[in-house]
Amino acid sequence: MSSGGLLLLLGPLTLWEVLTPVSSTDRPEFCELPEDSGPCKGLFHVFYYNSDQNQCLEFIYGGCYGNANNFKTIEECKRTCAA
């Protein structure tokens, strides 16, 4: 297959992956963890998945420790956790 044909195939597949929501059965367990700012004093605006509200919300992360339910962008949070 030519490289052009491969690109034509990969483009729609990549778009499908980005636009397909995560089902609750596919959602990583860490998405259920609460927001955790950690003990440090930084002021990083990040996002976490709130499983009660079924949406990604912003919070202030201190910069260390915390947990895996911590995303730099809302898009990354939605792609990983939102159904």
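Glycine residues also receive a Cβ, built from the backbone N, Cα and C atoms like all the rest.
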With reference to Swiss-Prot, which of the candidate residues CYS31, CYS77, CYS81 participates in the disulphide bond with CYS56?
CYS77
Of the candidates CYS40, CYS81, the one Swiss-Prot records in a disulfide with CYS64 is CYS40
Per DSSP, the domain 'BPTI/Kunitz inhibitor' (31-81) contains 10 helix, 15 strand, 26 coil
Taking only the CA atoms, the spacing between CYS56 (disulfide bond) and CYS81 (disulfide bond), expressed in whole angstrom, is 8
